[in-house]
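Following: one structure in structure tokens, then a few remarks.
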Amino acid sequence: MVALISKKRKLVADGVFYAELNEFFTRELAEEGYSGVEVRVTPTKTEVIIRATRTQDVLGENGRRINELTLLVQKRFKYAPGTIVLYAERVQDRGLSAVAQAESMKFKLLNGLAIRRAAYGVVRYVMESGAKGCEVVVSGKLRAARAKAMKFADGFLIHSGQPVNDFIDTATRHVLMRQGVLGIKVKIMRDPAKSRTGPKALPDAVTIIEPKEEEPILAPSVKDYRPAEETEAQAEPVEA
């Protein structure tokens, strides 16, 4: 017997499932450049698409790693064998993925690169990838004993309204350094004109169309805008 569930409970259950999956993959696939997950439910099975920069490492040798992840997810969420399938998909625009850049920044700092150099490297790479704007914020005990935040930004970036949801991609990561935990926040604004889905321009964008060139008027003239039939009927002489 199929258990009936209300719409509200279904939405909450789907949200919890997605959040748990995302957190699990964030921990497990950090080194593989994990940048998001998508869940597609079909009548026969549930498809989980893992987006990462290094898909070969996610798959593993002869698909061993992806099979291990499938078994873990299947056991945790009590799916029947064969009803949940995991796929790995390469991130198309790595420079426009905030999660991928936050992970990149994290590993740069762990490898001992200076904060300024790492942040400017990320900002430059994002802007070269065709972003409209980028902002990287690093906060924590950066040099002195007192915590502070450093902000690195370039281009055009909006901070409020519905366009933030449409065009801004945000990611937050934490990195454990010798002096303490540092917080990394990356915001990337995609070019609205290149957006595949949703609005193609900002709400306040105004496009000014250049007027067409008109022929110069050499002499005054009268243009008749009446229909041709009416003009012909008026032109015909009336017989007595």
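Positions of Cβ are set from backbone N, Cα and C atoms, glycine also.
Marked as compositional bias 'Acidic residues' by Swiss-Prot: 230-240. Under the heading ubiquitin cross-link, Swiss-Prot lists K106, K132, K141, K151, K200, K212. The feature phosphothreonine is assigned by Swiss-Prot to T44, T70, T231, with a large-scale study or a structure entry given as support. What Swiss-Prot records for S97, S129, S221 is phosphoserine. Feature annotation from Swiss-Prot assigns omega-N-methylarginine to R146. Taken from Swiss-Prot, the feature region 'Disordered' applies to 212-240.
Overlay of Swiss-Prot feature records on the structure.
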| residue | record | CB count, 10 Å |
| --- | --- | --- |
| T70 | phosphothreonine | 18 |
| K106 | ubiquitin cross-link | 18 |
| S129 | phosphoserine | 16 |
| K132 | ubiquitin cross-link | 20 |
| K141 | ubiquitin cross-link | 15 |
| R146 | omega-N-methylarginine | 7 |
| K151 | ubiquitin cross-link | 11 |
| K200 | ubiquitin cross-link | 12 |
| K212 | ubiquitin cross-link | 5 |
| S221 | phosphoserine | 6 |
Reduced DSSP assignment, S97 (phosphoserine):
coil
Just to verify a number: CA distance, S129 (phosphoserine) to K212 (ubiquitin cross-link), in angstrom, no decimals.
36
Determine, using Cα-Cα distances only, which of these recorded positions is closest to T44 (phosphothreonine): T70, S97, K141.
T70
Spatial separation of S97 (phosphoserine) from T70 (phosphothreonine) - C-alpha basis, Å:
25
Please classify the secondary structure at K132 (ubiquitin cross-link) using three-state DSSP.
coil
I need the most crowded of these modified residues: T44, S97. Count other C-beta atoms within 10 angstroms of each C-beta and give me the top one.
S97
Using C-alpha positions only, work out which of the recorded positions K106, K132, K212, S221 is nearest to K141 (ubiquitin cross-link).
K106
Rounded to a whole angstrom, what is the C-alpha distance between K132 (ubiquitin cross-link) and the residue listed as 'omega-N-methylarginine'?
34
Under DSSP, is S221 (phosphoserine) part of a helix or a strand, or is it coil?
coil
Measuring Cα to Cα, how many angstrom lie between S221 (phosphoserine) and K151 (ubiquitin cross-link)?
66
Please report the Cα separation of S97 (phosphoserine) and K106 (ubiquitin cross-link) in Å, rounded to an integer.
14
